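Working notes for the structure below.
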Amino acid sequence: MMMMSWCRINNIAVMVLLIMAYCNVKYCEAELSPDFYSNSCPAALSTIQNAVSKAIAKERRMAASLIRLHFHDCFVQGCDGSILLEDSATIISEQNALQNFKSVRGFNVVDDIKSAVEQACPGVVSCADILAVAARDASKYVGGPSWAVKLGRRDSKTANKDLAEANLPIAFDDLEALLSSFARQGLSARDMVALSGAHTIGMAQCITFRSRIYNDTNVDAGFASTRRRSCPPVTGNGDGNLAPLDLVTPSSFDNNYFKNLLRRKGLLHSDQALFNGGSSATDGFVSGYARNQASFYSDFSAAMVKMGDISPLTGSDGEIRKICGAIN
């Protein structure tokens, strides 16, 4: 009898260790909660929301920039604020990665949010959580969905430029590469298409869509002609010229991005890769979201929560940075 009890205890202990190991490898949802700051910093969410609203009211494009910051953070060693770390003696910033260099933005807004939160509750709210909440508030401000953000992440003490270049999708990716990139983060094809819908707002540089409007065959001729007016064919000429990712409603979060794909008017090669006229693995999701905005909003919210669960630092791991751009 004692032998059976001892074996049962050992089995339970092994199961606990396996669960803990899995939690550390990818997800650790149980340690995150929307109510994490209810007692330690009750003003945190309203403070972040006010700062986000002020920033987007000043520059509408900032909504897309804040959502993108959270996405580019989570895909590199988890949602840990590592993208915010600047170059230092010990840090090679992820901001230097190909997918981020001179394109990710909004760091000044995050700094302003952090300053305001530090005044309310010094040393309590992480920069990683600020990114997660700011993305949600940005979506809501421009007419997009809202969701309950799970909180309790801590900030990393490291950054990884090489991992950023390996993990982050690029504008020239085909569907297979995109599916692989998202699958490595535990995200499904549905998650990927829904999250790509964030391109309903924001801008892209000519260098990221030049090859699409001059070389791709699955592009609407009139759309390509319009985009060529501000994006010359020669590399180095007008590389930084901007065009809206959604030509129809570039400043409002809606489902026009998917309607554009049905008409072969996706700005980036990686956008149009999601829809190939009914034959690809993701065509059904694109068509569905184009028909039903509520379905897109629901799936986008669920995917943002799922993405926010990627490998968070919790408990005593990491730190709460005093300044988001540098370790303590």
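Every residue, even glycine, has its Cβ placed from backbone N, Cα and C.
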| Which of these links to CYS41 by a disulfide bond in TrEMBL: CYS79, CYS121, CYS127, CYS206? | CYS121
| Candidate cysteine (CYS74, CYS79, CYS127) that TrEMBL pairs with CYS324 in a disulfide | CYS127
| message | For CYS79, what is the disulfide-bonded cysteine listed in TrEMBL, choosing from CYS28, CYS74? | response | CYS74
| query | So, in TrEMBL, which cysteine from CYS28, CYS206 is disulfide-paired with CYS231? | reply | CYS206
| When distances run from the Cα of HIS199 (heme b binding site) to each of the recorded positions VAL76, CYS121, CYS231, ASP246, the nearest one | ASP246
| field | Those residues of the chain, 6+ apart, with a Cβ under 8 Å from that of CYS74 (disulfide bond) | value | GLN185, MET307, GLY308, ILE310
| recorded positions near ASP73 (Ca(2+) 1 binding site) (Cα-Cα within 10 Å), from CYS79, PRO169, CYS206 | CYS79
| Across the domain 'Plant heme peroxidase family profile' (31-328), average pLDDT on the 0 to 100 scale | 97
| task | Could you check the disulfide-bonded residues CYS121, CYS127, CYS206, CYS324 and say which one's CB has the fewest neighbouring CB atoms inside 10 Å? | result | CYS121
| Any idea what the Cα distance is from VAL76 (Ca(2+) 1 binding site) over to THR249 (Ca(2+) 2 binding site), rounded to a whole Å? | 30
